[in-house]
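A.B. asks: Okay, handing you the structure first.
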Amino acid sequence: MAAAVAALPGKLPRQPPPPPPPPPSPPNSTFPRYPRSLAAHPALSSSHPSDVSALLAAAARAGDLRLGRALHRRLLRGDLLDRDAVVANSLLTLYSRCGAVASARNVFDGMRGLRDIVSWTAMASCLARNGAERGSLLLIGEMLESGLLPNAYTLCAAAHACFPHELYCLVGGVVLGLVHKMGLWGTDVAVGSALIDMLARNGDLASARKVFDGLIEKTVVVWTLLISRYVQGECAEEAVELFLDFLEDGFEPDRYTMSSMISACTELGSVRLGLQLHSLALRMGLASDACVSCGLVDMYAKSNIGQAMDYANKVFKRMPKNDVISWTALISGYVQSGVQENKVMALFGEMLNKSIKPNHITYSSILKSCASISDHDSGRQVHAHVIKSNQASAHTVGNALVSMYAESGCMEEARRVFNQLYERSMIPCITEGRDFPLDHRIVRMDVGISSSTFASLISAAASVGMLTKGQQLHAMSLKAGFGSDRFVSNSLVSMYSRCGYLEDACRSFNELKDRNVISWTSMISGLAKHGYAERALSLFHDMILTGVKPNDVTYIAVLSACSHVGLVREGKEYFRSMQRDHGLIPRMEHYACMVDLLARSGLVKEALEFINEMPLKADALVWKTLLGACRSHDNIEVGEIAAKNVIELEPRDPAPYVLLSNLYADAGLWDEVARIRSAMRDNNLNKETGLSWMEVENTTHEFRAGDTSHPRAQDIYGKLDTLVRQIKGMGYVPDTSIVLHDMSDELKEQYLLQHSEKIAVAFGLITTSAPKPIRIFKNLRVCADCHSAIKYMSKATRREIILRDSNRFHRMKDGECSCGEYW
């Protein structure tokens, strides 16, 4: 690969500026081109079939559905549509190209005596390109039964319909056989392109390459198709090699070739290759193209080179016109780069001021930014824009909303958005699916459920810990034939591990044969969060041995695994290996992991030195990580420095005030505690409310400290009183030192008794039975007293209690915790 990249400059043709476009060719028919005003064209009043067909063809090329419908209404006044197959086929083709499936079907159904191979092929192509792949294949089967033989275009439609994978398994071999039988193998570039696309989209890139190599004639289109499929199949190195062959054969890249190659460069993380491609795009006059420019913005944003976003901004500003795609690329770039996060909302406002309407990708990126800094106030404003623009039904937006609210601690809103998303997406599909007693492998094509829908909903269920919904989605995805789909399987690995079902996550991972970097990273992250650092690191090495290249997210999981068990030496080595072995430049999240690793291990001053030596200016997350560790290790001096920096960066965040107040309270500095609390009141800042929740019989039960609102509150507190007396007899001593109020020890014990996670455990004990584990979720870090008490409770009740707090999982069994007291 390195040799190929090094060889690239010598193979890049030095292109002169592109010539001006040729003048339009002279007319060669009665209606050769699409005029400015078709309404005034004399063919509209003509009844000659060739005139009408030419006009319909022109409207189809222009995608003018309104004109097509007007022509259709005019044709219905006479009998031309009923007696001329060419006119009927032209109308059918127009509706097909405009995506008007119902109208196309009506025309086709009315052609009983006129149908020819063109009619059948146009209708099959229309269905295949508009999400009705199963219907397309059934129609082609009906055509074959009628005695008509397919032509090259019919086979192209059939190949396009062989996706998703289950349809390919059923029909793909038949399509390949027909191509051989009709003598079109290697001789027809359109059929060859369709076969390459069919094979590549179904994961068989090796066979796609064989079809490509067997083509007698190769066009820029077919070269670009295979290059793009290599990139999409995570084979960027193969894409680069093919691009070099493409240049050697004398072909010149177009905007699509260049865009695909820039994506390959982004996947490889090769800044050098990216700069060469940018230079080539400039020489060929392609750099100002919207598709190419957006790819360059994305590439620079993900490159993590110095001043990456400055390069991205320059590309953006040099574009002749900034539309929603280019704005979204720039916004996404800032989100992906993890720097200047406040810039995202400013860009969003500027975009709206220029009357550019955001799309679902724009909203998803902005919501991701809000989630990364727990800015639920801005998130709510974006949510309002989402509703106003009618984008809430998009699965990517819904998933981003759920994640934003969940990561900001607004669990009630997160669950409400998830339930709305679930009902919008799945309930209509379930209801409609009852009317289709078909093979379960292809029923989803009739009800409109895609793998991305399932993956988004499963991920959203994981964000709010709604395991039952996640299990239902898993079952439905299996019934819909997505058992081997990688997107769905990856989301299942993440969902089960985040909901505390690590064994099911491992099972989903082990059943997944076609693993990519996301699959491995999800499993590594799950093991790390559950306290199995050694297994996580072992799996990381297995991933490397299989040839899968880790990405920056993989290293966040690896460094987190080291942090959770205090592997300082190993963590430092992994941090160095990121750039040394894989060319990955550390982002802010990686520096935060290293600060956490050092500070959690007691190396607080070394962590501070590490921050001061960082090439990036530390953000609030890094300083909050250090501040949290300062309390664990009673380091007031460094804690004050960390708190000061957090407050400067995020003045509206109450977290640094609370953490610093706790640090002072632990040291008995009550005057300082009073000063901090006064500052919070003056700034109208409130401590985030602690919430614990668990799911029982498909219902989520939520608890706050001292909560008496639950219908079974009396039973819950009765069980809790009994349980606390029992564990005190086993050696549990309430840690009253963490109560930062001036009250008697008896009242402090009563206060500790009412913590939300203890209430949730008591509720779990009276509503579930052994040996089923009790699974609890908490939006904040579990306190030391609750951690100790719940360990005793697990031993007293002989029940496994799994608690997911904001940092990790605590699997408590027989009085021991998986965290090993390192949390």
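Keep in mind that glycine also has a Cβ here, set from the backbone N, Cα and C atoms.
Keep in mind it's a predicted model, so treat the numbers as computed, not measured.
TrEMBL lists these features:
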| type | residues | note |
| --- | --- | --- |
| COMPBIAS | 14-29 | compositional bias 'Pro residues' |
| DOMAIN | 731-823 | domain 'DYW' |
| REGION | 1-45 | region 'Disordered' |
| REPEAT | 116-150 | repeat 'PPR' |
| REPEAT | 219-253 | repeat 'PPR' |
| REPEAT | 323-358 | repeat 'PPR' |
| REPEAT | 394-428 | repeat 'PPR' |
| REPEAT | 516-550 | repeat 'PPR' |
| REPEAT | 551-586 | repeat 'PPR' |
A.B. asks: Within the domain 'DYW' (731-823), how many residues are helix, strand or coil going by DSSP?
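C.D. replies: Tallying H, G and I as helix, E and B as strand, the rest coil: 38 helix, 16 strand, 39 coil.
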A.B. asks: Using a Cβ cut-off of under 8 Å, list the residues of the same chain at least 6 residues beyond the repeat 'PPR' (323-358) that approach it.
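C.D. replies: For the repeat 'PPR' (323-358), the far contacts come to 290, 293-294, 297-298, 300-302, 304, 308-309, 312-313, 316, 365-366, 368-369, 372-373, 378, 382, 385, 389, 391, 587-589, 616, 619.
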A.B. asks: As a test of reading the model: what is the averaged pLDDT for the repeat 'PPR' (516-550)?
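C.D. replies: That region's mean pLDDT is 94.
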A.B. asks: Residue counts in helix (H, G, I), strand (E, B) and coil for the repeat 'PPR' (323-358), per DSSP?
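C.D. replies: In the repeat 'PPR' (323-358), the DSSP-based counts are 26 helix, 0 strand, 10 coil.
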